[in-house]
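Peer 1: These came from TrEMBL, pasted as-is:
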- 124-151: coiled coil (COILED)
- 8-125: domain 'Response regulatory' (DOMAIN)
- 237-289: domain 'PAC' (DOMAIN)
- 506-616: domain 'Response regulatory' (DOMAIN)
- 57: 4-aspartylphosphate (MOD_RES)
- 556: 4-aspartylphosphate (MOD_RES)
């Protein structure tokens, strides 16, 4: 049983015969029709009733329709009430503009087409009804809030939200309306329909053929077939399609229509409305393009990681893990730089600074670098990051960074459209040419020479390795500054741990990625820790945090879209130190946790050990690390 209350429709005209005709036309809507023979009587009805739609005759003796509309709009209660002007005289554009400025949402010329009038009024009645339903829901919410608290601010916010929704709903009154007779092939458009299709009402002859000619050729046949089928079968019509305006612009539209029958009840005509949905379609296309781009970049990153795993060689599992972590870490860091720039590029000086930061200790920097500001292309940044990482790793194991007195100087300059980077080691062991090309040399050569069309020169001198890259500038990116300005030395970072972690400490692990959680669990076990968890949801993490008995925690900042901060709050109140784990940049952290250590994914075991040592403190003697293969190695 339909219990929907009837909407009030106010009919204003000084001629009783017209009021009667409007009443007959709109009676099929089943709504409450209120008649007013003058502007004064109309204002009285407005104060007594909740009016959904007002039909106003433009020409009346005391106050004409324009003046009445201005009076109605001046009252805050009726600012959004829909008003339709009915005029028996030819309206000029100035008159129409005046009407719209006075508050009219549509015009209906005389003689009135019953179906068109009913369709227009039906749309605004439904908009009013939906608005009232929203207001009723908000009123119910307000009543419940009032029963529980005297604070009405929340209710006011919801009412403001409801008003915004109501305004948006009424703005839909700008839709175009149309009526098509299947028997006569007669088609009628209102002005809004002309605006959507980009046609001039004064020049464009509206016929079914001329309208359908504006449909996109790829959509035309299907739409004509759907319209004819709806008009003959009585089914509702609702379709999306493209149109080509006379100026050549292509727009997406959605049209919906309901059939009406003849005297015998046979459906022979359609009355409907049209919306312009071009913006929505453009947004969907952008979203699809973004999804494809994300998929492409993810696959590229995975392919690089797969290559690193397959090509890395090491005499033992610990050395293999260390090499892979370092290489993947270099790739991950350059991805962070590129993400911060929306994949426009990465600064060479920042790339070098971050890659060499672990080797800077003491008062005197061991790595000095200088050169002009260069913005690297994304592909170039990834290749150079891996190449510099390989040089730094080699220097730390066998070169100048393997002894306290050694140092590295990295310089770059641009000349004749070529960027030249020179890596020079001094103060270390004498460099000798390797008997075979390992992964590092191959990675550098392939990245620079094949991918960047450059040239690599490696000279193993008694004073140390000197490596020079020469890369065409069109493969590099752009030079931001022509004059070479020495780059400020990076801030010193903590040196590698000189002490070792106490074993048996209970560390809670929270991460929603199963593989990352497993890797973190194994890393902690290798360090001699006892793992609590891992867990991957906020409720599970809260249970463990409340249970206590935790010495430290590693928390993924984002658990499937939910921040980890409630768990961090519990741990902070209990005095339990914790580390944030994230794939995001550090600047996205909550300001409350500015001093909390943050590890970027993927995590190096050495970084994890260093941060844990800072939070927990050293043990008396180095523990033994046990690997899954059964190998045992001292952390020393």
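Backbone N, Cα and C atoms are what each Cβ position is placed from, and that goes for glycine too.
For the listed features, I'd like the structural context: burial, neighbours, distances.
Peer 2: Applying DSSP to the domain 'Response regulatory' (8-125) sorts its residues as follows: 59 helix, 27 strand, 32 coil.
Here the Cβ of residue 57 (4-aspartylphosphate) has 22 other Cβ atoms within 10 Å, regardless of which shown protein chain they belong to.
Here the Cβ of residue 556 (4-aspartylphosphate) has 24 other Cβ atoms within 10 Å, regardless of which shown protein chain they belong to.
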Peer 1: Mean pLDDT for the domain 'Response regulatory' (8-125), as a whole number?
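Peer 2: So the average pLDDT across the domain 'Response regulatory' (8-125) works out to 82.
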Peer 1: How many Å lie between the Cα of residue 57 (4-aspartylphosphate) and the Cα of residue 556 (4-aspartylphosphate)?
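Peer 2: Residue 556 (4-aspartylphosphate) has its Cα 66 Å from the Cα of residue 57 (4-aspartylphosphate).
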